[in-house]
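Q: The following block contains the structure, expressed as structure tokens.
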Ligand SMILES: O=P(O)(O)OC[C@H]1O[C@H](OP(=O)(O)OP(=O)(O)O)[C@H](O)[C@@H]1O
Ligand SMILES: Nc1nc2[nH]cnc2c(=O)[nH]1
Ligand SMILES: [Mg+2]
């Protein structure tokens, strides 16, 4: 079990729906230069949201999932691959993943990315956000945040009252 408490001075990086949508569009502009892709593989669950946006922008209708569980809120446990890519989509990628696009919301330590890459070594791996440890695993990303930053996604958060800076 890797505890996030090992990471000193955690900073918060809240992302709104609007910002996330814009960052996904920016990611797609970059991916459009690299494709075309036969299919998108979303790493669940966080990758489902950017995968839908990227698929819409690139006109891709074949979408599969690789289901990985590792974090229990902010603590990372052992990685569990709950579901791999379907035989049909694996065939499109010729067994090595060539021409397939893997999408996730972020790479942090890179453990999830490494596992998925081992399943499809020639696939293109894109994430919206990247931390330094995970960055070498992704082919395309949009925004880098420091390793001691926790990204708060809009599907995990809600608007709430903030006390004023000067009480
Ligand atoms: O680079 P790593 O340190 O492996 O972390 C990155 C992974 O962690 C989060 O998923 P999580 O396991 O929390 O599951 P979820 O997508 O279902 O929320 C995130 O969506 C990435 O998939
Ligand atoms: N929401 C969220 N999940 C993560 N999983 C690994 N790192 C992060 C992060 O910074 N934010
Ligand atoms: Mg995830």
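Backbone N, Cα and C atoms are what each Cβ position is placed from, and that goes for glycine too.
Copied straight from TrEMBL:
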type	residues	note
BINDING	45, 46, 104, 105, 106, 107, 108, 109, 110, 111, 112	5-phospho-alpha-D-ribose 1-diphosphate binding site
BINDING	105	Mg(2+) binding site
BINDING	108, 109, 110, 111, 112, 150, 151	GMP binding site
BINDING	108, 151	guanine binding site
BINDING	108, 151	xanthine binding site
DOMAIN	16-161	domain 'Phosphoribosyltransferase'
Q: Give the subset of the binding-site residues 45, 108, 109, 110, 111, 150 lying near ligand 2, defined as CB under 6 A from any of its atoms.
A: 108, 150
Q: Go ahead and report the DSSP secondary structure tallies for the domain 'Phosphoribosyltransferase' (16-161): helix first, then strand, then coil.
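A: The counts are 50 helix, 47 strand, 49 coil.
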Q: Given the binding-site residues 45, 105, 108, 110, 112, state which is nearest to residue 150 (GMP binding site) when distance is taken between Cα atoms.
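A: So, spelling it out, the nearest of the binding-site residues is 108.
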Q: If you count, for each of the binding-site residues 45, 111, the other Cβ atoms lying within 10 Å of its Cβ, which residue has the minimum?
A: 45
Q: If one measures from the C-alpha of residue 109 (GMP binding site) to the C-alpha of residue 45 (5-phospho-alpha-D-ribose 1-diphosphate binding site), what distance in angstrom results, rounded to a whole number?
A: 17
Q: Round to a whole number and give the Cα-to-Cα distance in Å for the pair residue 104 (5-phospho-alpha-D-ribose 1-diphosphate binding site) and residue 111 (GMP binding site).
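A: Between the alpha carbons of residue 104 (5-phospho-alpha-D-ribose 1-diphosphate binding site) and residue 111 (GMP binding site) there are 13 Å.
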Q: So if I measure Cβ to Cβ from residue 151 (GMP binding site) and keep only same-chain residues at least 6 apart in sequence, which ones fall under 8 Å?
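A: Long-range Cβ contacts: 13, 15, 105, 106, 129, 145.
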Q: Provide, as an integer number of angstrom, the distance between the C-alpha atoms of residue 45 (5-phospho-alpha-D-ribose 1-diphosphate binding site) and residue 111 (GMP binding site).
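A: Approximately 15 Å lies between the Cα of residue 45 (5-phospho-alpha-D-ribose 1-diphosphate binding site) and that of residue 111 (GMP binding site).
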Q: For each of the binding-site residues (109, 112), count the other CB atoms lying within 10 A of its CB, then report the residue with the highest count.
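A: Result for the most crowded candidate: 112.
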Q: Look at the binding-site residues 104, 105 and tell me which residue has the greatest number of other C-beta atoms within 10 angstroms of its C-beta.
A: 104
Q: Are there any residues in the same chain, six or more apart in sequence, whose C-beta is under 8 angstroms from the C-beta of residue 108 (5-phospho-alpha-D-ribose 1-diphosphate binding site), and if so which?
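A: Same-chain residues close to residue 108 (5-phospho-alpha-D-ribose 1-diphosphate binding site) (Cβ under 8 Å, separated by 6 or more) are 76, 131, 133, 134, 147.
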